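Visitor: What follows is a single structure, and I will ask about it in a moment.
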Amino acid sequence: MSLKWTSVFLLLQLSCYFSSGSCGKVLVWPTEYSHWINMKTILEELVRRRHEVTVLTSSASTFVNDSKSSAIKFEVYPTSLTKNDMEDSLMKLLDIWTYSISNSTFLSYFSKLQELCWEYYYYSEKLCKDAVLNKKLMTKLKETKFDVILADALNPCGELLAELFNIPFVYSLRFTVGYTFEKNGGGFLFPPSYVPVVMSELSDQMTFTERIKNMIHKLYFDFWFQIHDIKKWDQFYSEVLGRPTTLFETMRKAEMWLIRTYWDFEFPRPFLPNVDFVGGLHCKPAKPLPKEMEEFVQSSGENGVVVFSLGSMISNMSEERANMIASALAQIPQKVLWKFDGKKPNTLGSNTRLYKWLPQNDLLGHPKTKAFITHGGTNGIYEAIYHGIPMVGIPLFADQHDNIVHMKVKGAALSVDIRTMSSRDLLNALKSVINEPIYKENAMKLSRIHHDQPMKPLDRAVFWIEFVMRHKGAKHLRVAAHNLTWIQYHSLDVIAFLLACVAAVIFIITKCCLFCFRKLAKTGKKKKWD
C-alpha cells in the first residue's frame with residue numbers, strides 16, 4: 001500500500017479515536033464482476049464516512065483486487081485455485097448459458113442450469129474453506145474486532161464468518177436462481193399468482209396460461225431444483241461451528257437484506273421489515289467526456305448518438321455476429337460508440353467507433369444520447385433509468401432476460417434475441433426506440449420515479465449498515481418466521497391437529513348415530529315382538 005493511503009488510514013484512526021465513537025470496522029465478503037462494482041460504491045462511501053473497511057478476497061480473484069487509488073483495505077488469502085481456473089469457469093458458464101441451454105426444453109434447461117450452478121458453488125465452497133480453515137487468517141480477523149460483515153448473499157461464507165466472530169451481518173443481493181436463498185434463508189414472500197419467478201420471463205400481469213407456467217417454475221424450484229449440494233454445505237458449516245446447523249439456518253440470522261433494485265424496476269410485491277431496495281446506488285451525474293470522445297459525440301449533430309455495451313463479462317463475440325451487428329449500426333443516422341474487444345468487423349460503418357472501454361454513465365448522461373443497446377445487466381439498466389435513456393436489450397444470461405422484460409413491460413425498451421436476430425431485427429428495434437416518443441417518455445417517467453425518493457439509494461444502504469453497527473444488529477426487524485420449522489411456518493401441524501379434531505368429532509357423531517340407530521332398531525323389534 002502506498003505511503004499516501006497509509007497516511008489516510010492513520011488519519012482515519014486518529015479521527016475515530018477523538019470522535020464520539022461513530023467509526024466502525026466493516027469486514028466484506030464480496031462477489032466478482034458487476035456485483036463488486038456495485039458493492040465497491042457502498043464501501044467507498046463507508047470509507048468517506050470514516051469507517052474502516054477490509055475486503056477479504058482470494059489470491060485467485062479476477063476482479064476484486066487492491067487499488068492504490070482507494071482507501072479500502074484488502075486482506076488477500078491464499079487458495080489452491082488460480083485466476084485461470086476462475087476465468088475459465090466463468091467463460092464456460094457464460095458460453096453455455098448464452099448459446100446452449102437457452103435452446104433446451106424445460107427439463108433439459110434446468111438440468112443444465114443446475115449443473116452450472118453446482119460447478120459455480122464448488123468454487124465458492126473451495127474459496128470459503130480456504131479462508132475459514134486458515135487459522136492464522138481467522139485469528140488476525142478475530143483480533144481486529146469488526147463491528148459488522150457486509151456480504152454478497154450469492155456467495156455463501158459471510159454468514160459463517162459472522163457466526164465465528166459473533167458479529168452481525170448484512171446482505172447485498174440482486175437475486176439467486178429460483179429465489180432459493182431469498183426464500184429459504186430470508187423468508188421472502190413470492191405469491192405465484194402475481195409475482196413472477198425469476199428467470200421465467202413473465203410480468204406481474206399474467207394470463208391463466210402464464211400463471212400455470214409460473215406455478216410450474218415455482219414448484220420445480222421449491223421441490224426439485226438444487227442450486228448447490230445442500231448436504232455438503234450443511235455438513236461443512238456444522239463441522240466449522242462444532243454443532244449441527246445448516247446453511248439456510250445461518251443465513252436466516254442476517255440483520256438486513258439490501259436488494260439492488262427499486263420500484264422503478266421491480267413489480268410491486270410484499271417484503272419483510274428487514275429488506276430494503278437500494279437499486280441504482282452506483283448511479284451519479286454525468287462527468288465531462290474525454291476530449292476525443294466529446295468531439296465525436298458533438299459531430300453527430302441533431303441525430304445524436306447510440307451507446308452500445310454488452311458489459312464487463314463479455315470480452316468478444318464471433319466474427320459473423322459482430323459483422324451482422326455492425327451492418328445494422330451502419331444504417332442509422334446516429335453516431336455509435338461501441339464497447340468492443342475483438343477483430344474489427346468488415347461491415348463497420350463510418351458512423352461507428354470501437355472502444356475497449358467506455359465511460360458508460362457519462363455517455364448515458366450526455367444530452368445527445370438517444371438510445372442504449374445493452375445486455376440487460378442491472379447496473380447498466382439503472383444508469384439508463386437514472387438518465388432517462390430508452391433501451392434495446394440483447395440479453396445473454398442469468399437475470400438479464402428478466403431485466404429486459406421488466407423494461408419492456410414498463411415501456412422503456414425493446415429486445416432482440418442474440419441467437420436468432422438479423423441486422424434487420426436490430427435496425428428495426430433501434431429505429432422504434434429512437435423515433436417513437438413513447439419510449440423516451442416512459443424512460444423519463446422511470447427516471448423521475450427513481451430520483452423522487454426521500455433518501456438516495458446509496459445513503460439508504462449506508463444508513464442500514466451503520467444502523468446495524470450502532471445497535472449491534474436489527475433483531476426487532478426480523479420476523480418470527482425465521483425461528484419456525486417448515487411444518488410450523490405453513491401451519492401443517494395446526495392443520496393436521498384440526499383435521500384430527502374434525503375426524504374425531506365425525507367419528508364420535510357417527511358412533512353415536514350408529515349406537516342410537518341400533519338402540520332404536522332393537523326397541524322397534526321388541527315392540528313388534530310384544
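Residue numbering: from 1, along the chain as shown.
Backbone N, Cα and C atoms are what each Cβ position is placed from, and that goes for glycine too.
Here Swiss-Prot flags ASN65, ASN103, ASN316, ASN483 as N-linked glycosylation site, drawing on sequence analysis. Residues annotated as N6-succinyllysine in Swiss-Prot: LYS136. Residues annotated as signal peptide in Swiss-Prot, with sequence analysis given as evidence: 1-23. Summarising the annotation, Swiss-Prot assigns transmembrane segment to 495-515 and lists sequence analysis as the type of evidence.
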Visitor: How long is the line from the C-alpha of ASN65 (N-linked glycosylation site) to the C-alpha of ASN483 (N-linked glycosylation site), rounded to the nearest angstrom?
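Guide: Just about 38 Å between their Cα atoms.
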Visitor: Indicate whether ASN65 (N-linked glycosylation site) is helix, strand or coil by DSSP.
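Guide: DSSP call for ASN65 (N-linked glycosylation site): coil, neither helix nor strand.
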Visitor: DSSP secondary structure for the residue listed as 'N6-succinyllysine', reduced to helix/strand/coil, please.
Guide: helix
Visitor: For the residue listed as 'N6-succinyllysine' and ASN483 (N-linked glycosylation site), determine the Cα separation and express it in whole Å.
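Guide: Cα to Cα, the residue listed as 'N6-succinyllysine' and ASN483 (N-linked glycosylation site) are separated by 34 Å.
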Visitor: With every protein chain in view, how many other Cβ atoms are within 10 Å of the Cβ of LYS136 (N6-succinyllysine)?
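Guide: A 10 Å sphere around the Cβ of LYS136 (N6-succinyllysine) contains 8 other Cβ atoms.
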Visitor: So, in DSSP terms, is ASN483 (N-linked glycosylation site) helix, strand, or coil?
Guide: helix
